[in-house]
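Single-structure report; data block below.
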Amino acid sequence: MASSTSISLLFLLSFLLLATSRAENASNGSDLDEELAFIAAEESKEQSHVNSHHDQYRDFENYEDLEQGGEFHHGEHEGGEYREEEPQLPIVDEKDVAVLTKDNFTEFVGNNSFAMVEFYAPWCGACQALAPEYAAAATELKGVAALAKIDATEEGDLAQKYEIQGFPTVFLFVDGEMRKTYEGERTKDGIVTWMKKKASPSIHNITTVEDAERVLSAEPKVVLAFLDSLVGSESAELAAASRLEDDLSFYQTTSPDIAKLFEIETEVKRPALVLLKKEEEKLARFDGNFTKAALSEFVSANKVPLVINFTREGASLIFENSVKNQLILFATANESEKHLPTLREVAKSFKGKFVFVYVQMDNEDYGEAVSGFFGVTGTAPKVLVYTGNEDMRKFILDGELTVNNIKTLAEDFLADKLKPFYKSDPVPETNDGDVKIIVGNNFDEIVLDESKDVLLEIYAPWCGYCQSFEPIYNKLGKYLKGIDSLVVAKMDGTTNEHPRAKADGFPTILFFPGGNKSFDPITVDVDRTVVELYKFLKKHASVPFKLAKPSATPEQVITPKKADEKTESDGAKDEL
């Protein structure tokens, strides 16, 4: 009897739990529908429009953009915001254009000494116009170079790896390594001429003293190898290394007299190699194994000036260098004569480890913009290490600009002993608005608070899309201001930095769920409307919440007033 009673009670309890659960689920669904209906009704009262999440205005969001004079160059239809009806296109015979995917990409570029690879999108008009020219060039270049194409909309990992920003983007690969972006004419003749020049013999023989003197007089920098033979394995290694370089000439000789003109002693053990420049550091001698890799590393480290001035011409030497770590001196023109010799002395000890850069802080074209990007203010000279655009970490020298101090900074960086510096505006004295203000120095306290779900917009003051989005974001903050577990926040991405807040463009919206802050934030990839953002938060919030709606909106309740009576809302705009 007792057992029967227990079973009955168990069934009754299960029924009650199931009924309660269904009621709660129904209630939750009803609540969400009701909340969304309320927001949608409020939104319909105002015809505020904002572009979809694909739009991103990018202008000097990366240090490297300055290589193009501060301009961001979009490809054909960068964001995908419009799609005109595709016209009927002529059939193109692409039999000699290889189709690449992630599965055959590495093998293709590795098996072809010279390979041209186009990243395209099927809807891209410029890609469609290029197709017949590209196909014709592929046929004419058979035996010289291989041409291929990749659908970047299907092969997203490859497109991301090579930082494809627009279509078409065409790269030259030499012996499996990406060397150049093709920026010539998008015609068969333009492509063929460019590729044949790249694939032409890259080392030249010098057999007479007259030829040697002519080369030394005419060329600003040159590589010469002193060999036992102009053919064979050593010459082949030199040729392979030379194909990786576009901006200097490689020569070889077997003549001791010619070698002496290039400052190679006649009794030196062969093979020997030097790099000569018409600069302060005139001569660099190679002392490694005579292999393609070692030769290429030597040339890459020594072909550039000890210190590169950041100018339009110098930018390519910085950004196209295989060495990504940069050690940068910021100084005004008046201070440069004092500190540049110090930096050059340090540079001699760290070839191949850093690119050494001088930024003239008071230069109107570049200095002010670069200084602002790094958060360098004032006129006092400064030195910092920068890891490049991949992780964008900065390490500032705290001390006098001496040879020993700068060397210690470089050594400590290589030993991973330094703490990175991040830009930050001052922490706001008050931060009680519906949308919280985040700066670099309060990011951890607010955004990484494990007890809160945090929605963060990273914006730029000059960004037109950010300006259009601001009233919508402010409105969302007002709807959610009474929810203690949820924070709606924004950060000026041009003056503040944090390793957990990386923007792919402006605006970027990130969601940091409570209790999960050790993981990467969720990129909010929805239409930028109050309703869609609200739905996103309801779905992803770690702490469930409910919209606290007013019992009646001002438009629903109208209280008569006397002619001489004023209410608190007179002259004020209804923010909902």
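The backbone N, Cα and C atoms fix where each Cβ goes, and this holds for glycine too.
Per TrEMBL, the features are:
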| type | residues | note |
| --- | --- | --- |
| COMPBIAS | 561-576 | compositional bias 'Basic and acidic residues' |
| DISULFID | C124-C127 | disulfide bond |
| DISULFID | C463-C466 | disulfide bond |
| DOMAIN | 77-200 | domain 'Thioredoxin' |
| DOMAIN | 412-542 | domain 'Thioredoxin' |
| REGION | 549-576 | region 'Disordered' |
| SIGNAL | 1-23 | signal peptide |
Can you tell me the CA-to-CA distance separating C463 (disulfide bond) and C124 (disulfide bond), as a whole number of Å?
25
How many other Cβ atoms sit within 10 Å of the Cβ of C466 (disulfide bond)?
22
Of all the disulfide-bonded residues here, C124, C127, C463, which one's CB has the most other CB atoms within 10 A?
C127
Just give the helix, strand and coil counts over the domain 'Thioredoxin' (77-200), going by DSSP.
41 helix, 27 strand, 56 coil
Looking only at C-alpha atoms, tell me how far C124 (disulfide bond) is from C466 (disulfide bond), rounded to the nearest Å.
26
So what pLDDT does the domain 'Thioredoxin' (412-542) average out to?
94
C127 (disulfide bond) to C466 (disulfide bond): how many Å between their Cα atoms?
30
